[in-house]
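So the structure is just underneath, and the comments pick up after that.
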Amino acid sequence: MRNATFFIVFYVFISLVLSNVQDVTAQKNKCMRSEMFPTGPCGNNGEETCKKDFKNIYRTPIQCKCLDKYDFARLCDCRFC
């Protein structure tokens, strides 16, 4: 009887831990967003340009990183939380 109780408690504990890890991973995915903008390269002020572009579509990000992909486009990686 002791072994069965221990097994059930252990199973419930592991289930709770795994569900919490999945929630944290899902929340992290919502915090980061990447998008390609075809309005030219990053230039000298790429971070602010990315923030303005994301603000027009979603909301204002906390931090952005601008990467030149081509002469005519840039990739913006932004963090929202």
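Sequential numbering from 1, following the chain as shown.
Just so it is clear, glycine is given a Cβ too, placed from its N, Cα and C backbone atoms.
What Swiss-Prot records for this protein:
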- 1-26: signal peptide (SIGNAL)
- C31-C81: disulfide bond (DISULFID)
- C42-C66: disulfide bond (DISULFID)
- C50-C76: disulfide bond (DISULFID)
- C64-C78: disulfide bond (DISULFID)
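Within 10 Å of C50 (disulfide bond), judged by CA to CA distance, lie the following disulfide-bonded residues from the set C42, C64, C66, C78, C81: C42, C64, C66, C78.
Counting in whole angstrom, C64 (disulfide bond) lies 7 from C76 (disulfide bond) by their C-alpha atoms. Ranked by Cβ neighbours within 10 A across all protein chains shown, the disulfide-bonded residues C31, C76 are led by C76. On the backbone, the CA of C76 (disulfide bond) and the CA of C66 (disulfide bond) stand 5 Å apart. Under the DSSP three-state reduction, C81 (disulfide bond) is assigned to coil, being neither helix nor strand. Considering only the disulfide-bonded residues C42, C66, C78, C31 (disulfide bond) has C78 as its nearest partner by CA-CA distance.
All protein chains shown were included, and the count of other CB atoms within 10 Å of the CB of C78 (disulfide bond) stands at 23. Counting other C-beta atoms within 10 Å of each candidate's C-beta, the disulfide-bonded residues C42, C50, C64, C66, C81 are led by C50. In this structure the alpha carbons, written CA, of C81 (disulfide bond) and C66 (disulfide bond) are 18 Å apart. Following the DSSP three-state reduction, the secondary structure of C50 (disulfide bond) is helix. C66 (disulfide bond) and C78 (disulfide bond) are 9 Å apart (CA-CA, integer value).
Secondary structure at C31 (disulfide bond), taken from DSSP and collapsed to helix, strand or coil, is helix.
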